[in-house]
Amino acid sequence: KKMKSLCSCSVQSLITSLLAFFPIIKVVTSYRLKFIVNDVLAGLSAGFIHLPLGLGLGLLASLQPVYGLYTSFYPVLLYLVFGTSPHISMGTNALFAVLTASIVEREAEIFQSGIVASNLSNSDVNSTMTAEVILEYKVDVAMAVTFLAGAILLVMGFLRLGFLTSYLSVSFIGGFTTASAVHIATSQIGKMLNIKIRPYAGAGKLVKTYIDIFSRIASTNLGDLFVALVSMFILLGVKIGINERFKAKLKIPIPIDLILVIVSTMISYFANFQDNYGVAIVGNVPTGMPAPRLPNLEIIPRVATDGFVIAILVFALTIAMAKLMARLNDYEINDNQELIAYGMSNFISSFFLCFPSCTAPPRTMILQSLGSKTTLNGIVSAIFILIILLAAGPLFASLPVAVLAAMIVVAMKNLLLQLLNLPGIWRVSKPDFIIWLATFLVGVLVDLDIGIVVGVSVSILSIILQNQLSRGYTVSLPDGEQIFLDKSYKTAADDLPRVRIFTFQSQLYFVNAERFKKLLYKNVFNPKSLKSCKEIATSDAEVKSGNEAPDHEAPPKDEGEIIQYIILDCVYMTYIDLSGVNILKQIISEYDHVGVSIYLTRLPRSTLNTLERSALFSDFDRSNVFYDIYDAL
């Protein structure tokens, strides 16, 4: 019946589906003229951030600045058609630029080695690999990764898999983004010093990079170093000393990145930095728009894992920012439609020489601070970038590369400062601390892709261990109270006469079924150790909770108390599998042999249904199941 209702079609449902797939239709039809000022200002300010980031991250992606501008144009247009958040501006992102660089450098090295091998057997092949040929292949690789990531996001959107981000913990994302910031900052050191650093790939590449940097540091160009240091001083001074300090008074934050790009370009041009001081500059920035072309599909099998990882990270990081904005501004977003929007932004832009795109916190925060009302703010941002691409690009030919490198390093400030959160994470949750630290250390010392695998693996392992180490304890009812307390509490009373109440803080399945039985026997008594089936004597030692509870396997004392009933509080058993059912049957049987009755209380509906289907009640009296502990008592 449910499938039939989902497959039914009508004119109304068709219109509803069309409007949901193209949110821009609803935005345009319901647009109010009073929104124009906010959207124009917000879109233009976001464009001011797109420009310097696009130029810098194009280089960071091991491509050219113009490819960063392409990635700052097409995804913006595509998101405003398919997206639902007015505070998301798709485009370049430092994390995905460095991931792209890692992938294209790896594949370019394989490509070059293949050509070299071919030259050895074919003398007609030119052995000189030009930079243009290598760059063209890198662009093909970046397009293939973007194409694959977009396709994966689209499939996830159509399959309504938006819930998958819940498996990426906050600690994992924090450790991973901080490790990424270290990689990103490291990749810019060579540009700030104007020394040639060999691109490394694979495990330990960051360590190898620093060894290379220190071995060549004597070749530093003082002109580039001076430009980088002055740029960082200006950027930090304005961003911290003015924008952050006076953000409540400033209607629009000072676009210091854009100002620095324009001013440094002018100074570099008129002072002829390149010839007089040997300062590296951006060089020619091509004008015009690229002709669309099909990505090289032969590359896709080699970058399949990379494409999947990038797709998940694009969704996780962008939806996290979108949900934050939705909560702050009191509106709703559709996770699955956002998946489609991110997919379209990457899938279609891959035909226009773009590398993977994502939102970036600076752009989101500027849209938020200027009160963007609709996704149409992206039109203004796109027009600004289009003007740069069609006409103004060559004006930035004299821009020092060290300025862009300094901008990228400064942009990593907040991510690197996440290291200061570690003491607080340790105090709150030890497993989260381990996840964060493991992801960060492996990401830094080995590589980011391995860091992802380790981070997710440790996250899953922590869940397993927490279930494996679940607590089980007896509870008591203090005199004059109506609540049951763990016996480890100081205010807890003695056990009730003839009754023990046992709570297990976990689901009951194959991972912890044996632990459940072990804790029950430790906290109450082990029925296998008794010789008499008539009277059950227990020592009057204090019962403690967890693993430290004493084993009651010694012969019972004649003067001891008789236990006749055990109440199992099942409130935490939201799931039970066949192993859990079997362990329950075993416990019920063993206690029954020594004359002790078992009562089940507070069973969740799904768990009770499983027990009914498992034929547990063919051997266990159904009347021994109660809604609450008081009913059982």
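Glycine too: its Cβ is placed from the backbone N, Cα and C atoms.
Positions annotated as domain 'STAS' by TrEMBL: 489-633.
The annotation transmembrane segment is assigned in TrEMBL to 40-60 (among others).
Feature annotation from TrEMBL assigns transmembrane segment to 67-88 (among others).
The annotation transmembrane segment is assigned in TrEMBL to 141-159 (among others). Counting same-chain residues at least six beyond the ends of the transmembrane segment (141-159), those with a Cβ under 8 angstroms from any Cβ of the stretch are 61, 63, 67, 100, 103-104, 107-108, 295-297, 299-300, 303-304, 306-308, 310-311, 314-315, 336-340, 342-351, 353-357.
TrEMBL lists 166-186 (among others) with the feature transmembrane segment.
Summarising the annotation, TrEMBL assigns transmembrane segment to 225-242 (among others).
Taken from TrEMBL, the feature transmembrane segment covers 254-271 (among others).
Listed by sequence, the residues of this chain that lie at least six past the ends of the transmembrane segment (299-319) yet keep a Cβ under 8 A from its Cβ atoms are 88, 90, 93, 95-96, 99, 103, 107, 140-141, 144-145, 147-150, 152-153, 156, 162, 164-165, 168, 173, 177, 335, 338-339, 342, 346, 356-359, 449, 452. What TrEMBL records for 299-319 (among others) is transmembrane segment.
Residues annotated as transmembrane segment in TrEMBL: 379-412 (among others).
What TrEMBL lists as transmembrane segment is 433-465 (among others). Same-chain residues lying 6+ beyond the ends of the transmembrane segment (433-465) with a Cβ under 8 Å from its Cβ atoms: 98-99, 102, 167-169, 171-172, 174-176, 178-180, 182-183, 202-207, 305-306, 309, 422, 425-426, 511.
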Inset, instruction - Using a Cβ cut-off of under 8 Å, list the residues of the same chain at least 6 residues beyond the transmembrane segment (40-60) that approach it. - result: 66-69, 71-72, 76, 89, 91-94, 97-98, 101, 184, 187-188, 191, 252, 255, 257-258, 260-261, 282, 285, 360, 362-363, 366-367, 370-372, 376-385, 388, 396, 399, 401, 404-405, 407-408, 411
Inset, instruction - Take the domain 'STAS' (489-633) and average the pLDDT across it for me. - result: 79
